[in-house]
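Participant: Below is one structure. I have some questions about it.
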Amino acid sequence: MGPTSPAARGQGRRWRPPPLPLLLPLSLLLLRAQLAVGNLAVGSPSAAEAPGSAQVAGLCGRLTLHRDLRTGRWEPDPQRSRRCLLDPQRVLEYCRQMYPELHIARVEQAAQAIPMERWCGGTRSGRCAHPHHEVVPFHCLPGEFVSEALLVPEGCRFLHQERMDQCESSTRRHQEAQEACSSQGLILHGSGMLLPCGSDRFRGVEYVCCPPPATPNPSGMAAGDPSTRSWPLGGRAEGGEDEEEVESFPQPVDDYFVEPPQAEEEEEEEEERAPPPSSHTPVMVSRVTPTPRPTDGVDVYFGMPGEIGEHEGFLRAKMDLEERRMRQINEVMREWAMADSQSKNLPKADRQALNEHFQSILQTLEEQVSGERQRLVETHATRVIALINDQRRAALEGFLAALQGDPPQAERVLMALRRYLRAEQKEQRHTLRHYQHVAAVDPEKAQQMRFQVQTHLQVIEERMNQSLGLLDQNPHLAQELRPQIQELLLAEHLGPSELDASVPGSSSEDKGSLQPPESKDDPPVTLPKGSTDQESSSSGREKLTPLEQYEQKVNASAPRGFPFHSSDIQRDELAPSGTGVSREALSGLLIMGAGGGSLIVLSLLLLRKKKPYGTISHGVVEVDPMLTLEEQQLRELQRHGYENPTYRFLEERP
């Protein structure tokens, strides 16, 4: 047989598949060719982006991309167009073209750029000159504008800016938020646009600023504008007193003042000025216990009064209350604007009812905020008075302890006396500043409380007179400390005479004619039933400590010997000597007085025989309404022959 041709040999054999080692390179080549022909830009969605959100992106000279709603991957334009997506109006048109089923109404540029891999710009080859790019996409948003809800982590602050005369892009508003946070030493945590005025144009921005990760404790950011800083949970700020006097509520409320500590006791011993041991307690508690702690200033002020200083707590609560009010008003205004845009086709009566509904919501909101303000002020006033009383009580206790030393040391007594006088002067300043504030916001109310304020200042001076009268028990010590005491009293003396000078427009001529306000609605002041019973008064006296009994006596007693005499209290020291009574008239008056006295004694003896257990009055005692509470206590104590145990203790000492 002759040799057969290759065709004949091929026809005689069956076809066999190529070996397996040849299939693997062929499949890889086919896959690479498909990727090159399709020219896909594989951009993995970032963690911050939802997989199915409608977005578009484009760079000049490269294929325009859009995001697939099902897979979340970036796909090239089906028509292989190359658009420069710079104008928001053109971006809106392209979004409507790529997502016709979503009814796109607006676009918004993303806050940060995202990476794009293998964006090769339509090349048929499998290689890219620049395989990686970063582009800022545009969000294609359907429906009306709704502001993004921002989360405020613990230690961060929520702020916002509105500029009705400027219509800027979202990128510019985002930059403004970053600059505002950076100016306070914070970093931007999140931002959202407010008040749209066009396609990707807005009149405001809301943002959240947080402390840097390297410094998680926000107490180091005390410097700066108090309206945007994170408030610490301890310590006091310098100069806070002036801030509180300026930043008062707009409505006439009774604001109170807590003075930040000043360098008043530089001469005191170092061990007496030790810092409180509980300054770092809140930090330790927050780390150990998993219970969430309130971050709002109002909740912290009402819920944890010991965690923060009174002055800082009141300022922070007042500021956070106003911020909360602004957030709630902005939310209501957004809902009102959305409802108004949706009700354009409704009848006029329905639209008017809708407006009245939102107006009632705003009015209710203002009433709630006003109630919170009043509650905040009342709580602050109560705590201020308690702080002042505690400071004065502690200072008085130290002064009594220094006097009871054996022998009393002049330096220690002077130091304790200085602390006590400063506590009393602080109460005087607080009373005057409160009166000045009320006179500025409500002159009528200030005129009504004028008599009470002057009486309170007189009581403070009487209390100082009685306390300094204790020095008479040691004449040598009183003579030695007399010059220093005079300097302390004259250095910063605030008495009833300062009341006229504290309010502009007041005259000193009205001081003598000052009368208590007449009010028909005020009920007559009555003493409690137990005040007339000797047994109940003695039992109540046993429950009091010697210091409390002394304070009651000092608050209601007349001045004794004291080197400082106020001209506003002791007005009758120089009696006129030009008046006199004839001898005949004097003898007649003495005879009539003796006869009347004998009748009174006889009547008392008869009544005592009828009532061997004494008189116990269970009725209402008529009290002169001109008397203050301290003067009423003075009369009642003098009726029962009350003696100060402190005086007796000092007099019976050897």
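A Cβ is built for glycine as well, from the same backbone N, Cα and C atoms used for every other residue.
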Participant: Give the range, chosen from 374-391, 392-409, 446-463, 464-481, that Swiss-Prot lists as region 'Collagen-binding'.
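Facilitator: Going through 374-391, 392-409, 446-463, 464-481 one by one, Swiss-Prot gives region 'Collagen-binding' for 446-463.
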Participant: The disulfide recorded in Swiss-Prot for Cys181 goes to which of Cys156, Cys167, Cys197, Cys209?
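Facilitator: Here Swiss-Prot pairs Cys181 with Cys209 via a disulfide bond.
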Participant: Taking Swiss-Prot as the reference, Cys140 is linked by a disulphide to which residue in Cys84, Cys95, Cys167?
Facilitator: Cys95
Participant: Among Cys156, Cys167, Cys197, find the residue that Swiss-Prot gives as the disulfide bond partner of Cys210.
Facilitator: Cys156
Participant: Per DSSP, what is the residue tally for the region 'CuBD subdomain' (154-212) in helix, strand and coil?
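Facilitator: Across the region 'CuBD subdomain' (154-212), the residues distribute as 14 helix, 30 strand, 15 coil.
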